């Protein structure tokens, strides 16, 4: 948001204080400042001069030599302008001026000295097009010797305020509101209050009809006649331009001017158009689904039922608090208007912004929550400004409408001990009273007990509890004046947070050790995405009004990770990501919220890839990574069980079992799910239930499993057998483990194969077993003996050797 120092000076004498003092106080006690810049300082080097004489250039037919007077001295200018004559007042850029990327220098043109350049409005960046030098004859304020910056009311300092730092302060979203705050902080008087403007309404005028309902906090309208639509005066134009608002005409400009000055949006309708619909009868009501009409920005959005509209005779003429309709807008030939001043519930405006995608200056203020009692004072102020800005004889009917939220009182009770304890300093009752009264609170004391009546422009959402009073006192006094007190605390060994420790181990292992990238996602998603993993009836719906794609809390992390892969699938050939996140269920505590460690891998395999060998190799690679992680966190006793999941491919889905509990799963995402997420490559997804993982890790972490390395060479035995397509590969390794062969250290699957010479419905699985002897070197006889044992074991249990 941009604020003009010159404009704020209308309300309190800020220029008497000094810019450095103002900036420091804003930064310490009010909000963050993004920038402080003089407005168009380059125009100080462009002066208004009078052309005293014009002569032809001796060496160029298209050039003229002009002698000009700036009020104190004369100078010579060579110009090619054809629209100038003797006696004209024109802008002259003197040597040293910088206009855009051009610097004006004293030069010679065809042997004749030229001390500057006549300027057009386009060259001064005041207009996109111009037809020659800007002629200022007869324009109010155009005086010889005056700079163009002064002539245009551009001599000003602009404060660029960080909007995020005043989101909770709707009273600061205006020049008067900000000036009022600075006056309180700097002990300055309020010299003019626009909310106290007066106006004599014409009681004989026919007033508009306003249908009362509960769809607005406050809504008033007034008919205005004898309006003349002309360009705004320089003062109005300059102030709007300095705040980044496009100048349109004197009527529309006043509406924008009032909004920037007082923080209250207004709207003007062309009364002639409203009467053409059967008379002026305004109503605040909701849109019908699919309803549409043309807006001022030339769009015609299809409206939802939650959007609030302004209707005349039942027909939409504006999206309430957001934007007016094109047909009812003020035209160049408009002579009668209807002024609207209203306050709508901030929640309703937020819905309209979200649904239409339109974020106007008005809606930004409405969504913060405005004080409803300001609607009538704003009408009186706007009428005074219209009269000043080109409509000297206008008349207005008495406003009609309703106010459903009359002024309420918010009283906060606390005591001096509470305030001093929170701030960490000792303030007297007088100190506290002085600060709060400067901030427009009404204060009374009963002993050490304080009662503060909150000013109406702060009581809606801002100051409501004792802690808010403490903040007001602290920031006004200045947090920089409060001494830092060292924290007094016992030195104790911190309690170990096992969950956090294991989470760090997981992140380190997967990111540093395996090359995964961590991602962060919101917990909001669409209801249909919860169908992937569980009963949608158990979905936790978000009570706030949210779009459909963010209407529930997720019940697993799979949708979030698949969307991450979709976003990145065209940028990387291989994607490996993981996330720590929570899933939510509409069931009693403590099972209503669970934390998961989930991961997804997308190798460079198209979703239509049919080479089972490649797919199995990828799957085994990821499975081996998970097993190495389990070993890293000292979980050695586990097995994989075949268990289908609705989001996994039916032939590639495993459950991880530890201590007879399922703690996770792993599998290829089902092709139908890949298609629904528009994924082009195969995806392997896995998830571990983190609380269970922490519990098992806590049990195992202190158990020593260290084995002294053998000084003798290790040996390996490979064996390949046929098993069913859906048979668990752990069956054979479990059989071998139960044989308790002394030298057997571990065994695992290192390859699988199906098709070719392998019978239909079967697959060839190759196992590798590592042998370690701590007493002597392996002999060929002992290795063969163990190998024969394994072959016999396979045959005994119905497995066919390959």
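Quick reminder: no glycine exception, Cβ is built from N, Cα and C everywhere.
Per-residue pLDDT, averaged across the domain 'tRNA-binding' (40-149), gives 93. Annotation source Swiss-Prot lists domain 'tRNA-binding' at 40-149, citing sequence analysis.
Sequence annotations record features per position, and here Swiss-Prot assigns domain 'B5' to 407-484 based on sequence analysis. DSSP states for the domain 'B5' (407-484), grouped as helix (H, G, I), strand (E, B) and coil, give 33 helix, 15 strand, 30 coil.
Taken from Swiss-Prot, the feature Mg(2+) binding site covers 462, 468, 471, 472, and the record attributes it to sequence analysis. Residue 468 (Mg(2+) binding site): 16 other CB atoms within 10 A of its CB, across all protein chains.
Summarised by DSSP class, the composition of the domain 'FDX-ACB' (710-802) is 26 helix, 32 strand, 35 coil. The domain 'FDX-ACB' annotation in Swiss-Prot covers 710-802 and is backed by sequence analysis.
Neighbour count (other Cβ atoms within 10 Å of the Cβ, all protein chains): 19 for residue 462 (Mg(2+) binding site). Neighbour density for residue 471 (Mg(2+) binding site): within 10 A of its CB lie 15 other CB atoms from the protein chains shown.
For residue 472 (Mg(2+) binding site), the number of other Cβ atoms no farther than 10 Å from its own Cβ, over all displayed protein chains, is 23. What surrounds the Mg(2+) site, by Cβ distance within 8 Å of the Cβ centroid and not counting 462, 468, 471, 472, is the set 458, 463, 467, 469, 470 from the same chain.
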